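Sequence annotations record features per position, and here TrEMBL assigns transmembrane segment to A:30-51, A:63-83, A:150-171, A:177-195, A:207-225, A:231-249.
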């Protein structure tokens, strides 16, 4: 009975005592998000440059970063617009590219502290990206404070939009070699998040390597050539997390 | 300019601003819904152990899939070696559990130096 457990648990144990309240949580989130900001700015600049060179009005790029806030689908969106694709196709591609956030948001739903109102939830949900999810999901605390997640989202969102504006109105100056090298920033961040957990847990090691291997097969084998990046990430993630859930039945202690 | 102009024509660049703006809003909506619905629906649900384990493993699976093989093409199309150099630098720094910012800076530096030294 799912609901029994929840009601018998005393409310007091659900809310961990913390120092400093919501604004301190937000500051912690902003600090934890600095690596995301470092990674977002160059990519957002690249997006701004692409949007400008596409011939679309500047406000389109700005509006995409403001309302969509999703890297890959913004790049694809601009490309499809230039190619003259139909709006339906663009919206569907966006949905497929971002559907993996469904999984991430589902995982996050089990980690968020319980005293979160609908307004906070609406705000927190808007900021779920691969990167904000990666940073918050690999925190050591059992329950994530809403202020922390919001702070993380705010710095990521600010960096993304600031980068877009720089790309649209200022950039061009950055040397090509440095711009290219910065493309690795977010991957390096993912590595920095994942490896310490892989080192400590055989389960995590197995699942992460399995996901990478499955994803490589899906990208490289010709028979899967028709699958878009959105699908291959979803399939690799679901398969390896499901395999992990089936194999590692003992509740491992959180590291 | 002309609101009757078909949206799917190659002249999408000259589509009316309101149509472009609606497109951006629609992209925003289909991005927002998958981010929001599970949070809203699953938050107060006590899931069975299997589903709980599945969701607990999602972050590690997602990060594994996000890193590889995407990292190989992250620094440009003909720059697999530079990306590998940056990736190995990041892995080493991460194994020593350095601060995340250092791992990111090390990854960028590794890829950048490789390109500079090999040219």
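In case you wondered, yes, glycine gets a Cβ from its N, Cα and C as well.
Nobody curates TrEMBL annotations by hand; they come from automatic prediction.
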| query | What else in the chain is close to the transmembrane segment (A:231-249), if you only count residues 6 or more beyond its ends and a Cβ gap under 8 Å? | reply | 96, 99-100, 103, 203, 206-208, 210-212, 214-215, 218-219, 224
| field | For the transmembrane segment (A:150-171): best-contacting stretch of A:30-51, A:63-83, A:177-195, A:207-225, by Cβ pairs under 8 Å | value | A:30-51
| Taking 3+ C-beta pairs under 8 angstroms (sequence gap of 6 or more) as contact, is the transmembrane segment (A:63-83) in contact with the transmembrane segment (A:177-195)? | no
